[in-house]
Amino acid sequence: MTTDIVWPPPVRQVRAYRNIVVDGACNIRCTYCEVKKTKVDQPATIRSLDRIFAEYEPDAVLFRVESDGEITLYPKIVDHLQKRAAEGYRVEVLSNGTKLPRALEGRPDLLWVFSVDGHTEAMNAKRGLKQPQIDRILDAAVELGAELQTVYWGQPVEEVNAYIDLLESRGYRGLLHFMPLLAFKGRPLTVNLRYQDLHPADFLAPPEYFRRWNHIFETGRRDAVCDQITNGYNYQVSGDEIRMVKCDCYSVPKHLVHGFGPIREFDDWPCGTCIANQEFNNSRERMRVPQGRIPLPLV
């Protein structure tokens with residue numbers, strides 16, 4: 001018997017992940033969010049964004065750009081992100097979707113992630129969204145294949161499954177990412193969502209994600225390493241000021257936050273009890289480098 005040996009063996013390559021959070025106000029009042037009043041200097045913020053982009057080769061990184069509030073309230077910033085995306089940078093924008101469909105106009109090169117807690121007003125009770133707003137978000141997500149980020153705060157599983165079924169029936173081809181209402185200051189999670197209770201769908205996170213969530217809920221401890229730690233880094237932008245940190249989880253020690261410069265790697269990051277969208281980041285389609293193209297460093 002002969003066996004064909006392929007050499008070198010196929011390797012799935014992924015981009016680096018860089019999360020950029022800019023200052024911003026918000027136009028909704030989620031009961032689980034901490035919103036601070038702030039004045040945003042858009043030209044200064046754009047200069048800081050360009051300093052960050054200059055550190056990387058286009059298409060070698062997936063940038064996730066979001067705001068402490070709602071980024072589409074700052075059109076000059078989003079327009080600049082579109083410009084950089086058109087130049088070859090891979091940029092996804094996290095939005096609460098309240099400015100749809102206008103927020104999409106003239107920005108064809110951006111990737112989108114929309115925050116919505118389900119398909120009904122009841123599921124979005126903590127966000128205060130009305131049904132027409134929810135419908136516009138889901139319409140855009142289905143049309144664009146945009147990712148959906150859903151906070152699970154205790155909605156009935158029957159409603160969660162109805163949400164999954166609706167997206168399945170509409171041919172949704174993005175990623176539906178459930179994340180628990182975070183526990184502040186390292187306290188154990190207060191909500192649990194089990195994979196075996198959910199209707200199967202290709203757009204859900206893998207079963208291992210939910211197993212990790214269940215473990216943290218039951219024990220108050222982690223037993224696995226998040227992809228943010230293996231392949232991610234965070235930038236916090238406030239006008240001309242840029243701060244950096246490996247992960248911006250709640251209660252991160254202040255001495256681990258540093259000024260703009262080289263990234264710092266850690267053998268033992270002090271993870272708390274959070275679990276969020278970065279957990280299986282490397283498995284996302286947006287993170288994958290196309291087959292047959294291997295970016296090599298300049299030497």
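Here the Cβ of each residue, glycine as well, is placed from N, Cα and C on the backbone.
Per Swiss-Prot, the features are as follows:
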ACT_SITE  Cys249  active site, proton donor
BINDING   Cys26, Cys30, Cys33  [4Fe-4S] cluster 1 binding site
BINDING   Cys226, Cys247, Cys271, Cys274  [4Fe-4S] cluster 2 binding site
DOMAIN    10-222  domain 'Radical SAM core'
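Annotation for Cys26 ([4Fe-4S] cluster 1 binding site): same-chain Cβ neighbours under 8 Å, separated by at least 6 residues, are Cys33, Val35, Ser67, Asp68, Gly69, Glu70, Leu73, Asn96. Rounded to the nearest whole angstrom, the C-alpha distance between the residue listed as 'active site, proton donor' and Cys271 ([4Fe-4S] cluster 2 binding site) is 8. Of the listed binding-site residues Cys30, Cys33, Cys271, the Cβ environment within 10 Å is emptiest of other Cβ atoms at Cys33. Excluding Cys26, Cys30, Cys33, which define the [4Fe-4S] cluster 1 site, the same chain contributes Ile28, Arg29, Tyr32, Glu34, Val35, Gly69, Asn96, Arg127 within 8 Å (Cβ to the Cβ centroid), listed in sequence order.
Sequence-distant contacts of Cys226 ([4Fe-4S] cluster 2 binding site), defined by Cβ-Cβ distance under 8 angstroms and a gap of at least six in the same chain, are Cys247, Cys271, Ile275, Gln278, Glu279. Note on Cys247 ([4Fe-4S] cluster 2 binding site): other Cβ atoms within 10 Å of its Cβ, all shown chains, come to 21. Distance from the CA of Cys30 ([4Fe-4S] cluster 1 binding site) to the CA of Cys274 ([4Fe-4S] cluster 2 binding site) is 19 Å.
Model confidence over the domain 'Radical SAM core' (10-222) is summarised by a mean pLDDT of 94.
Cβ neighbour count for Cys274 ([4Fe-4S] cluster 2 binding site): 23 (other Cβ atoms within 10 Å of its Cβ, all protein chains included).
Residues Arg222, Gln228, Ile229, Cys249, Trp269, Gly272, Ile275, Ala276, Gln278 surround the recorded [4Fe-4S] cluster 2 site, their Cβ atoms falling within 8 Å of the Cβ centroid of Cys226, Cys247, Cys271, Cys274, which are themselves excluded.
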